[in-house]
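What follows is a single structure, written as structure tokens, with notes after it.
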Amino acid sequence: MNSQTQMKQIVAEAAIEEVKSDMILGLGSGSTAVLMIKSLADAIRSGKLQNIKGVATSFQSEVLALELDIPLIDLASVSQIDLAIDGADEVDPGFQLIKGGGACHVREKLVASKANQLLIVVDETKLVRKLNQSFPLPVEVLPNAWKQVQEVISEMNGISTLRMATKKAGPVVTDQGNLILDVLFNDGIKNPKDIEKSINNIPGVLENGLFIDLTDKVLVGKIENNIPVAYSPAKVG
């Protein structure tokens, strides 16, 4: 197990300590969330946690939860979620996020907005001083609108590329049947709140991967003296 996987594993296990029996949980997507879901299944099997119900944020997390016998309920059937646990591609000091590297950010944001608490689990490589200086911002767009949206983003001084699939010909297609534009702004995103609103107001855009003022707590995995540890940084601002 390499050091990054060790960091992800320790923080995934630490996240389960935040879970109580009888909770409705938002089950995140991505590599760290996968480890968290597996740790959750272990806790349920051992009897440590009981009467847990999950709300999946993607087809990935839905399939994994079903394989591990974690009971699932549909997002539309719940009025609130006790706790959502998810990963992130970038986390800034104010706990603003970029998500969507796995093209799941639309459902992830729906679950996060319905959660009483959003817990983000990452390894320390995901902590940044400013968003979008290296990781592109995912923007989900209607298939027949991607070029038009790309032109508007260009007018906003953003460079966008249509995300292409790696194991099939053509672009990545989301769970909603849409496409993804990956956007980089010159010197990153200086005003995440404004950019989130501006992009979402472009006709043809379904949702972008900026998660603004949604995160309550961040757990970070790191290697300290050759030992993986998890810690919770303080929010700045």
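Every residue gets a Cβ built from N, Cα and C, even glycine.
Matching K126, K130, K147, K167 to the substrate binding residues that Swiss-Prot gives (S29, G30, S31, T32, D86, G87, A88, D89, K99, G100, G101, G102) identifies K126. Counting in whole angstrom, E108 (active site, proton acceptor) lies 8 from S29 (substrate binding site) by their C-alpha atoms. Around the Cβ of A88 (substrate binding site), a 10 Å sphere holds 28 further Cβ atoms from the protein chains shown.
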